[in-house]
Amino acid sequence: MQTSRPTILVIFGATGDVVARKVIPSLYHLFRSNQLPAMFCVIGFSRREQTTDVFRTYVREMLEKHVSPSLEATQVQTFLNLFSYTRAELDRPEDYTPLGEKLGFIDGEWKTCANKLFYLAVPPSLYNPILNSLSVSRLTESCGEEGSWTRVLVEKPIGTNQATAEAIDEQLAQLFKEEQIYRIEHYLAKEMVRNILAFRFRNDIFEPVWNAQGIESVQIHLHETLGVEKRGAFYDSVGTLRDVGQNHLLQLLALIAMEKPSSLDPDAVRDARADVLTHLKPLSPIEIASNTYRAQYNGYQEIVGVGPNSQTETYFRIEAEIDMPRWRGVPFILDAGKRIGNLKKQIIITLKHPAPCLCPTDGHSKNRILISMQPDEAIKIEFVAKKPGATMEMESRTLDFLLRPKDSIAQYVEEYAQVLLDAVRGDQTLFVNTTELKAMWRFIDPIVEAWSQGSVPLNMYEPDTNESIES
Ligand code: BG6
């Protein structure tokens, strides 16, 4: 794996929100820390009518908005010089000719066949036309020099259900081999989430109890204080389950439940995650009625883009089970929501009581392992200790591991810098493979379907409270 070969990043949908908030700041971070290839440039490829100069001004504004105050004028100018712009209707194959010419021109100037990384930062409805046009224009074919490649980075959501996800995936597979396809899952790129592998498999104290004999339940929470913001129309068409459940929460579940991979090789890790996901037990209609819950916050329907009688959930809870000997009978409780009272992105693993238990008669708290991504990045182990003094009185205490102070984390920059860097150097560990993608939809589809038929009532909750999670 290497980042030193000349590389051209082509961003489809270059003036969209993902690029403004996540990609530009992350590229700047990589640029400042000297992690980009020495020969590197970015082509914005979008519908908006504008020149390269106007595009660079836009990039500067986004930097000022999302990276400031740590901007340094000369550095910013050098960074902006990496960017150029080509205008296109993304669904018109003939508009890809100028892009091909530009790529050829850069190759000529650099006297090499540069790597080409195509980043689809567009709504899923555009995947099909873009992939078609890429195919017709043959831009995905490498210019053949030894070691040079073309790759594609795909943003979530991939599809809206299993069938549409598979259709996109098949189309991707016609143009690219699996090792060229990078399906983004930014949760996997979170520092604390990457730590789960180390925590589980590089320490000897956890694995012996990491199974149905030792663990009573696993809870995975993604409680956001943020609302839907300006994404009303998009959000209303997907809901929380598909926005973060189908991907982020299921990936966290896979990391907690996976078997030890045979090595830290990207394929070994991805296969281990995929194995768990394919063993998620699909819920029957009766289980969906009893083991799932959905709710919407009051006021959601007034958001621009949201339907006046919208039945879309802004909170959900699901009890899942993994059909593997290691996990049989252990509930995995996943929940996520917008405008919840307290910010909490956390995994809670509750251990079983030993039998017999030397517990006081009024019971005692069970051991819990808390893996927290927000508000702080920490692992906490709750245990019971004897209180100092003459009696055998017990109390609950905590062993704390704080990864780093909160203010050192810039939202998204770290994750997207990792995503871009890994795509450039060819490490697919933190990207979802095709088996994972299908398995996640296979589990989610029946729930979405049953909910859309009203088999589970939509409850309401007061925003900025914990009403939904306590219900
Ligand atoms: C995104 C969802 O994928 O994940 C957002 O579209 C959500 O709705 C976000 O807010 C949560 O990610 P993070 O990194 O802020 O926890």
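Note that Cβ sites are derived from N, Cα and C of the backbone, with glycine treated the same way.
Substrate binds HIS186, LYS190, GLU224, LYS338 as TrEMBL records it, and from the list ASP243, ASP265, ASP267, ASP376 the residue named for this site is ASP243. Among the recorded positions listed here, namely GLU224, ASP243, HIS248, LYS338, ASP243 has its C-alpha nearest to that of GLU89 (NADP(+) binding site). Residue environment of GLU89 (NADP(+) binding site) contains 13 other Cβ atoms, counted within 10 Å of its Cβ in all protein chains.
In the predicted structure, the domain 'Glucose-6-phosphate dehydrogenase NAD-binding' (10-195) carries a mean pLDDT of 93. Taking a Cβ cut-off of under 6 Å from any atom of ligand 1, the binding-site residues LEU90, ASP243, LYS338 reduce to ASP243. Cβ neighbours within 10 Å of LYS156 (NADP(+) binding site), excluding its own Cβ and spanning all shown chains: 20.
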